[in-house]
Ligand SMILES: CC(=O)SCCNC(=O)CCNC(=O)[C@H](O)C(C)(C)COP(=O)(O)OP(=O)(O)OC[C@H]1O[C@@H](n2cnc3c(N)ncnc32)[C@H](O)[C@@H]1OP(=O)(O)O
Ligand SMILES: CCCC(=O)O
């Protein structure tokens, strides 16, 4: 039998439908899904339908597009407990409603949690991939992440194919072979989630200006998610910066824009020169078309992209990420607000640490100085201390630059009173007096920190 007919016989023998495939799940099992667009769709729906038959099935996902059906199927019967390593907006709603839980981790350690013997059990992994190629491989498309480590830990593997996933060339960890798979389900090829570019506000533009003036030719860029990093990408596209490189966890539309305007060549990178390195992609159809089979882009496991030594291996790494709040000690909270869990630590810690340790590298945390709550009340995002429940994403020892529309400050090497002074200088003017009073009560204010000196710094 020749190679291709052997592969196709194996494929046919494993082909089934979603309802049959999920019969493999038993009460008490741990089930892992995919990450981002590689979360299963039909298999999630089929598993949720077994709500009356199953007890105590624990599901783990990474950033489910929309809302996972298993999370809401349960209605308190103890059939499913839904957990997630990083919340999407749907996961956030599930958590708000008591239908989901967060799993704390730093993103670079995702693979090792599954690789360390006995840390995590995976009875069944069900994930979405591209259809099988001529060699028997299923590609993880835009969700490489730590899928390979999960699959290697899984007792049973079910693949749900979708032909709208781009073929993402690796790298490492970007595919699985038919010989490793137990069941294949062909889906209805519903288009994967696309994300429009977030709108750029005037405040975002001001913040982006402070950051872009710190970037030099040949720098290696990591942009986080949200409007602010998108504004930075937009401004870089219009600049005359040259030979920028990309080593990031998330590939988004702003990289495509910077590539098209000739800002990105990747030629000055010392690690993976000539290639844009990423572990997942989230953006428009244009972005997915760009990465599809593109040898200039390399999809790697997050154990590689977010490895601290790999991040700092390139020179002049610039990492730009968003935050929810920063306190006067310089701690950064990027994943929750009080007891409301919003997203996750993700790779923020990895890139803030790795960028600072790259030769000439800089790490930026950016946020608007205020936010208007759902109750209409305007709050300062520079806080004396965080509310109970707010999670520290970056300890104060790791934070380098903090940027608002009122300026940028570098906290490295600064004592507590200098940090308070620096951070209040970039807070919204309406909140500065109150922050100074709080800093006095917190014993992080000395007599030479006076209001006029704050105004001078601003
Ligand atoms: C994928 C990557 O980012 S790679 C980079 C490394 N990873 C990280 O940085 C992970 C942590 N960071 C993050 O998850 C994001 O950058 C965030 C959440 C900090 C900001 O992302 P954005 O998309 O700009 O957030 P957005 O403004 O849409 O707010 C998300 C939610 O948080 C809420 N929120 C934002 N700021 C605040 C605040 N200061 N107080 C209370 N709630 C807030 C919003 O109301 C919104 O809730 P909703 O969905 O109910 O409306
Ligand atoms: C899963 C991690 C995504 C992020 O870093 O935001």
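Cβ atoms here come from the backbone N, Cα and C positions, even for glycine.
Taken from TrEMBL, the feature domain 'Acetyl-CoA hydrolase/transferase N-terminal' covers 9-192. Across the domain 'Acetyl-CoA hydrolase/transferase N-terminal' (9-192), the prediction's mean pLDDT works out to 96.
The annotation CoA binding site is assigned in TrEMBL to 224, 225, 226, 227, 228, 324, 347. In sequence order, 333, 334, 335, 336, 337, 342, 367, 381, 390 are the residues near residue 324 (CoA binding site), counting only same-chain partners six or more apart with C-beta under 8 A. In this structure, residue 324 (CoA binding site) belongs to neither helix nor strand by DSSP; it is coil.
Reduced to three states, the DSSP call for residue 249 (active site, 5-glutamyl coenzyme A thioester intermediate) is coil. For residue 249 (active site, 5-glutamyl coenzyme A thioester intermediate), the Cβ neighbour count at a 10 Å cut-off comes to 26, with all displayed protein chains included. Feature annotation from TrEMBL assigns active site, 5-glutamyl coenzyme A thioester intermediate to 249.
Taken from TrEMBL, the feature domain 'Acetyl-CoA hydrolase/transferase C-terminal' covers 283-439.
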Worksheet item: Quick one: what's DSSP say for residue 226 (CoA binding site), helix, strand or coil?
Response: coil
Worksheet item: Of 224, 226, 347, the binding-site residues given in the record, which has the fewest other CB atoms within 10 A of its CB?
Response: 226
Worksheet entry | Sequence-ordered binding-site residues from 226, 227, 228, 324 with Cβ under 6 Å of an atom of ligand 2 | none
Worksheet entry | Per-residue Cβ crowding (10 Å cut-off), top of binding-site residues 225, 228 | 228
Practice prompt. Could you check which of these binding-site residues, 224, 226, 227, 228, 347, sit within 10 Å of residue 249 (active site, 5-glutamyl coenzyme A thioester intermediate), going Cα to Cα?
Written response: 224, 347
Item to complete: Using a 10 Å cut-off, grab the number of neighbouring Cβ atoms around the Cβ of residue 227 (CoA binding site), all chains included.
Response: 18
